[in-house]
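Visitor: Can you keep this structure in mind? I'll have questions shortly.
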Ligand SMILES: Nc1ncnc2c1ncn2[C@@H]1O[C@H](COP(=O)(O)OP(=O)(O)OP(=O)(O)O)[C@@H](O)[C@H]1O
Ligand SMILES: Nc1ncnc2c1ncn2[C@@H]1O[C@H](COP(=O)(O)OP(=O)(O)OP(=O)(O)O)[C@@H](O)[C@H]1O
Ligand SMILES: [Mg+2]
Ligand SMILES: [Mg+2]
């Protein structure tokens, strides 16, 4: 193995891992807090990208890119809150909440996907990169936008992790997920935190979409593939642990990049899945999940 | 004048291929409006009814077909493509439904050629795709001979995604290149679908340094990504991409990065002074919908006119066999060239005098036709990244 | 100003689940610095009362005042912030959180955060086992250990009044004694207490006054040191068939 | 009372050990239980009582070391459901029932999968078990999750004995019960025992423990610190010091 | 009870008779086709309910079993020339075998981790099907699959009259079987394990074995449905493995109401007809999916136990 190969694999792996980590952490946050899987997470990612596209491109307002991004992210917060209110909140007390919300978030996914197509059409779109040009990273050339993702993702995720770990609200978020009634009894505003996490997670999804929207092409189903990956990562990393999720995202990113390199793109997905099954056979509680019981 | 003949259009209106689907319906509507405005045909006015094939799954295609077929006024159906396998051709044949199809010519031929008489009403305006495999080597040789192109070696790298269209073309090209004495440095297969990372393939290409790179994956998004990543560290090679550069958004997406890319087209719009029909159709489409069409807008536009001609001849839309036969007898200059059908395969006839294969090069956001020479609008130029 | 003689005052409280009312207009009060017991058969609404007071469930009618202030418009977290702390029955706590994390988190309200250090020391002193196992996750604790954690969490909330729901559940006899002493100390600091307990000896050793509950209603009130001893209560309550 | 005359004791636990990392939750515990006995187990919180039941039944984990013998046959390597079928039925400290199944179905499941009965026989066995524990006819179609605390305890025992176990392991069955319910439970345990089922009972509620146990074993920090006749064991100063405290000892 | 029993028998009989009469009154091929498709999906959804609803296994690979049925049948009938009836049965058996393979890891995993393995499994199957294109036709699929014939009767005739009855019979049979399974001791044990695994072990229920059996049984019906799907449409193409197919069928299970078998069947019919009904409205290309999505949420808002609870209040807790 030459240094070139190692560097190429590492760089690709980092790009993939960063994207996966951003996506998965939003999903993981909602899982941790509300105990549900948000299948609309991928569509939220697409929606964020389309918002930004409208802001920067179509609106023709010649907005500064950053402002467009900020407005798009704010829009996502609103959408997140709306979703929580309409399709999650009514089912809090249902003991089948997991299954019911699988359904309702699937419905939201369909709604958003088709709604996006209705609003913006089906043709491919692309965002202007936040930073133009190319960068050479340890011997491998990538677009500056991808480099930005590599740099930005750990910062964002680190901030999120520190927020959950050390801020009072952040700890509250973790507590709520494990036992809402007990959380109430120590003075946590459960309802507020539910909304907060959903808004945060939607914003993360939107931001991922915006970052990725200038590397890949935006379509109404643009979030589907990252969603599936994120779902796998959240489970694989050990449910309910953000650090596990993030670590799993980077590991899977690098492993995927390596697989692409060594067995080719064609068999890489299958190999990855086979690998996942194998690891789960050995560690039934996920990669970083602690033993249950 | 109250009689209505409905035209069933099978098209993916939702899902990943919705952009194509919208174009199909737009093209058909454009023609229908014109015909109706001109007073209709044989006492009939036309109306488009759409059957959404969604993701082209067998059951949704069949549902769309049945829904349209259940309408007594639908006595013809047309599409760009309805399914990956064209299995619906058999459904059409069972009901003797006139069916004009555009893409997937290979599948159409596989179904029809064994017994063409069983499919009297089904016709493909796309010619056989064989030319995609055979035309490439001679065209390149011609460029080399004419001095328009200089290549450092006789090596070619091929890549395709795993779908019958791309794969067949790649395999055919491989054979033809090898027979002509070229070295094929790689012939890789990628999974079908969105591909975000071509770098592994491109890394291999840089090692082997072939003078031609051919990518037969036809998805425009993938092609655009491919170009972007190729240009990160370009090699001294001619880049050919199958089909995708013909799709309108490819140019929007790649902008100047596409300059120099070569592609070819069978059954696409033959936009050249010798075929004014093409400019006319494209112009009307752009005027109405505000965007340039790809292949399927003009295709469906022409399909409606084929049907209109047949109906004018037969007079009765319910006489489906007669309509089908009339369509098969067509001989007409359409946007793609001169249309005639091959009775053995029910495909359009291919050739310079019929539907020609066209080679284009993209230059400054425009598609320049450089082959066949008699239709050419511009000379081939050495791509900017080549020395 | 309302009457601040009373820490907690419940009037005509109605509450329940789904279609039926468990409490049909319950009234009781706890004086400032007072220790009050609540005793009655299983399933007769003791827990429901505490749930309704702490707003884990929404009361349907009636009023609750804490330190003179009406709780009607208050949410669960505001009530905790005011200092009315409910240690719930058989609480499973936060299964994936370690003991120390849980205790530190429990000082969540601004008021509790101020006293976090002192309260933590206090709790660890009361339950040394929790200190031994500071990194163990709640879900792997033994039944009794979890109960200790649950009470510890209540104390971390900096209570101005404590409502304890069967705190001795699953505790060993010795620990029960120690808990009784501890609770005694806490209330000696002037923190009023509402205590639900099946172990009648335990209640009687702790409270000044006791309510007897039956089918969601207060049927009787007994003062300590009065003429009622525990056999009599049992008798009165369950007829004469007690054997153990 | 059914006194077995087997050579081997019904149940023998030999040097059983269970570790969680550095913590030794059960430390070299050995004891034997003759058939027909009610064998009490007590000890401070976290002394390893529930863990002992866990390793004996393999739910959810077996021992890290040592042997468990049922009538002289080693069972610690068996899978959990096989141990249950071999005749060891247990209950859990936390609430356990098939919450959405009716009370009858709860008991029936025991009869089918533990005792290996089917059809009418299984129904009869389940009905009999429910009769035995005194769970009224009118409650049997209720979902188990909707029963009251005491009814759930009754049901838990009913579903165990419907499986015709030879040994019943009860983990703090009296927690949260009122005094009269505790007495009723004591009666119930005696009845079950009277039918020839050997009982191992973990309990903190002393009146129950002392009134039904014929033998008492005290654990502390995973080890046995006393074992013998209940009345004697509770006077052991070590037991008083570690477990009972002064007030109970005084009683 | 006897009254209720009679009522139920009556309803079931009425539905059966109604089902038998449909083709007599409905001559429209399109509507008959919709019934057939709805019946097929109903079988897949109802059998999914067995593993997802009754056993509580988060099995996201069920649609892959359906797809395996599609391909197994298609390949047997087309390439091996096996009689299509038998090929359908083979479809069921192959799906069951696949389920047994999936069960190996699944029985060792808990709750949500099962999602991962089952999902990964379905992706592996898809990849396998696509990669073996010389046999399976790859992304293009397999066309001209031979269709069934019965005593010389040609099913392609009579505007799907024959197909309708085959689909209906399959649906009735599978529903009966599934209902029967849920009422057996085995059915009881899987519900018990769903409620509490540890307690199930303590009552002698072998978790691994029961899960294996559930997966194998539910896959069998999905496989048969897949087999008929291939035979009826005469195509086997990889879109059956799409996420959207899974979302559609999953919505039938959940909107219909889990742990009921009938619920998913009802939802399959309702959803198929509503969404096709909207397809007839012009200009609703995306709109119809959005409307259906809203409708699904509304159903769950008002009937969290699913559509089946509209019809009977014993919904959600069926069984003995
Ligand atoms: N979440 C709930 N949903 C429906 N009914 C409930 C719920 N919780 C309790 N109940 C019912 O309310 C009644 C009163 O219950 P509550 O828990 O208040 O009794 P309790 O006096 O605290 O009993 P225990 O001594 O068992 O704790 C019981 O009949 C119980 O079944
Ligand atoms: N999975 C585990 N990981 C770490 N420690 C554990 C685990 N399970 C149990 N323990 C510890 O082992 C010790 C014994 O636990 P066990 O549940 O057997 O106690 P117990 O005697 O039943 O106590 P109690 O009377 O309170 O129920 C406890 O200190 C407990 O915290
Ligand atoms: Mg209570
Ligand atoms: Mg215990």
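Each residue, glycine too, has its Cβ placed from N, Cα and C.
Note: TrEMBL annotation is automatic and uncurated.
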Visitor: Give the range, chosen from A:129-146, A:147-164, that TrEMBL lists as transmembrane segment.
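Guide: In TrEMBL, residues A:147-164 carry the label transmembrane segment.
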Visitor: Ranking A:97-116, A:147-164, A:230-252 by the number of C-beta pairs under 8 Å to the transmembrane segment (A:193-218), which range is first?
Guide: A:147-164
Visitor: State the non-local partners of the transmembrane segment (A:258-282) in its own chain: residues 6+ outside its ends, Cβ under 8 Å from one of its Cβ atoms.
Guide: 5, 8-9, 12-13, 232, 236, 252
Visitor: May I ask for the residues of the chain that lie six or more residues beyond the transmembrane segment (A:97-116) and have a Cβ under 8 Å from a Cβ within it?
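Guide: Those are 34-44, 46-47, 50, 83, 87-88, 91, 220-221, in sequence order.
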Visitor: Same chain only, please: residues at least 6 beyond the ends of the transmembrane segment (A:147-164) with a C-beta under 8 Å from a C-beta of the stretch. Say none if there are none.
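Guide: That would be 11, 14-15, 17-19, 21-22, 25, 29, 130-131, 135, 137, 170-171, 173-174, 200, 204, 207, 211-212, 215, 242-243, 246.
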